[in-house]
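Structure record follows, encoded as structure tokens.
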Amino acid sequence: MSFDFKVADLSLAETGRHEIRLAEHEMPGLMSLRAEYGESKPLAGARITGSLHMTVQTAVLIETLTALGAEVRWASCNIFSTQDTAAAAVVVGTGTPENPAGVPVFAWKGETLEEYWWCTEQVLDWGNGTGPNMILDDGGDVTLLVHKGVEFEKAGAVPATTAEDSEEYGVILEVLRRSLAATPDRFTKIAAEIKGVTEETTTGVHRLYEMQRAGTLLFPAINVNDSVTKSKFDNKYGIRHSLVDGINRGTDILIGGKVAVVCGYGDVGKGAAESLRGQGARVVVTEVDPICALQAAMDGYQVTTLEDVVGEGDFFITTTGCYDVITAEHMQQMKDKAVVGNIGHFDNEIDMAGLAKVPGVTKTEIKPQVHEWTFADGKSIIVLSEGRLLNLGNATGHPSFVMSNSFSNQVIAQIEVFTKTSDYDKQVYVLPKHLDEKVARLHLAALGVKLTELTKGQAEYLGVHVEGPYKPEHYRY
Ligand code: NAI
């Protein structure tokens with residue numbers, strides 16, 4: 001593999017290396033996996049194409065994968081989420097067994113959509129016509145590109161872009177058109193080599209189950225998101241930390257005493273509501289699911305529709321993974337200088353395209369990833385990260401400790417599929433509970449947690465083993 005890469009500035013590598021070194025201290029799960037598997041190198045021979053926010057924490061993940069023997073090529077899964085210091089440090093490498101020669105990274109903060117999909121293409125190109133044999137995805141963009149590529153190669157043509165297609169889908173179609181003209185079987189060959197994908201987030205997992213249902217999934221997939229030690233920690237406690245961080249860095253507007261509207265009360269919404277309440281906001285939740293709505297009410301939040309509170313909110317945060325949750329019409333009805341942000345995976349939760357089309361609206365950049373949109377009547381709203389996930393666009397995403405849980409699941413999932421490929425069909429799997437419990441165990445000592453041990457008699461009484469798993473599959477935590 002040739003050593004090509006594209007990052008913002010290699011001179012940031014030293015700062016990035018210090019950040020990575022400090023993050024390693026906060027990522028006991030990943031560091032224990034390095035200690036456990038560093039010698040046996042279960043990922044030797046793995047060519048992992050990664051598409052996941054290129055942050056300091058991801059740098060520790062990448063260098064764990066290489067320490068376990070993998071070769072890696074990396075892109076970010078969002079145009080604003082890269083930390084340029086971390087990207088530079090990963091490219092430069094350390095001269096140590098973790099990352100002796102550096103890893104090719106294609107990511108910088110503030111990519112255009114064309115650049116973003118160019119980067120995604122680069123990480124699938126391993127030189128001399130080869131591709132990866134593993135994918136590590138966040139949101140499913142690499143998986144999508146491979147599947148669409150194969151679909152259009154089979155059809156022999158890429159469909160024309162229509163007026164209904166989003167700007168981004170138009171870019172994807174253009175990439176595939178070029179690819180098909182140059183190498184008509186490129187993605188078919190790539191897909192045939194791929195042993196599996198491990199997917200990080202709710203939205204990506206949703207896409208995988210859709211493909212499973214349609215019978216179009218081309219390789220096995222592990223749903224990392226639904227490991228308990230991922231979604232019940234990263235999505236909740238990670239957001240509890242990084243949502244207010246993003247709002248503060250973006251706006252520095254006092255949250256206490258204000259009305260904050262959180263759309264969606266799933267795992268991310270629960271963390272978002274708690275973090276805003278922690279700052280003293282009066283939090284209002286909107287939900288479509290009666291169970292989550294009841295949970296929000298019992299947790300003490302007012303639950304109502306967006307239409308009911310649209311003129312009252314000071315902050316509006318979407319956490320749904322759905323689309324058009326906040327429309328251009330909603331935004332015109334908001335109070336002057338209301339802050340609008342999304343923390344779900346894609347930017348379509350807030351109708352940014354609709355906002356840009358409102359007659360007489362103007363957009364002023366206050367600073368990168370913070371824009372004031374002023375309507376014809378003189379009222380304005382502040383939109384964070386152009387509607388993309390604000391915790392990564394306006395701040396630096398989740399902190400290391402919580403990401404150590406998520407990424408330990410990723411590493412274990414990569415080892416599972418790579419070393420036991422024949423055990424997996426072209427379906428979506430979650431990791432077995434004993435591995436989930438293992439990830440949690442790896443993080444207890446750092447927090448000074450003392451675990452109680454079941455006696456043999458107690459274990460028999462409960463119908464479990466002394467060493468676990470402790471809960472049936474259907475248990476919900
Ligand atoms: P979830 O499925 O647990 O929660 C989403 C909730 O939104 C559900 O309870 C659903 O009923 C509700 N909902 C759907 N449509 C709605 C609507 N129109 N109005 C009000 N509520 C609605 O999903 P989870 O795990 O909370 O993830 C949410 C999103 O956040 C996903 O896109 C996920 O990929 C992303 N995510 C982002 C992270 C970040 O760092 N920014 C971290 C983890 C996940």
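Using the three backbone atoms N, Cα and C, a Cβ is placed for every residue, glycine included.
A TrEMBL annotation is a machine prediction, not a hand-curated record.
Residues or ranges marked as substrate binding site in TrEMBL: Thr55, Asp138, Glu200, Lys230, Asp234. Taken residue by residue with DSSP, Asp234 (substrate binding site) is part of a helix. Applying an 8 A CB threshold to same-chain residues 6+ apart, the list for Asp234 (substrate binding site) reads His398, Val402, Met403, Asn405, Ser406.
Around Gly344 (NAD(+) binding site), the same-chain residues at least 6 positions away in sequence with a Cβ under 8 Å from its Cβ are Thr203, Gly264, Val268, Thr318, Thr319, Thr320, Gly321, Cys322, Leu389. The NAD(+) binding site annotation in TrEMBL covers 201-203, Asn235, 264-269, Glu287, 343-345, Asn391.
Taken from TrEMBL, the feature domain 'S-adenosyl-L-homocysteine hydrolase NAD binding' applies to 235-397.
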Which binding-site residues of Thr55, Thr203, Gly266, Gly344 contact ligand 1 in the sense of C-beta under 6 Å?
Thr203, Gly266, Gly344
Report the largest Cα to Cα distance, in Å and rounded to a whole number, among the residues Thr55, Asp138, Glu200, Lys230, Asp234 that the record lists as binding substrate.
17
Given the binding-site residues Thr201, Gly266, Glu287, Asn391, tell me which ones have a C-alpha lying within 10 Å of the C-alpha of Asp138 (substrate binding site).
Thr201
I need the CA-to-CA distance for Glu200 (substrate binding site) versus Gly266 (NAD(+) binding site), whole Å please.
16
Restricting to the same chain and to sequence separations of six or more, state which residues have a Cβ under 8 Å from that of Asn391 (NAD(+) binding site).
Ile239, Ser242, Leu243, Asp245, Gly246, Ile343, Gly397, His398
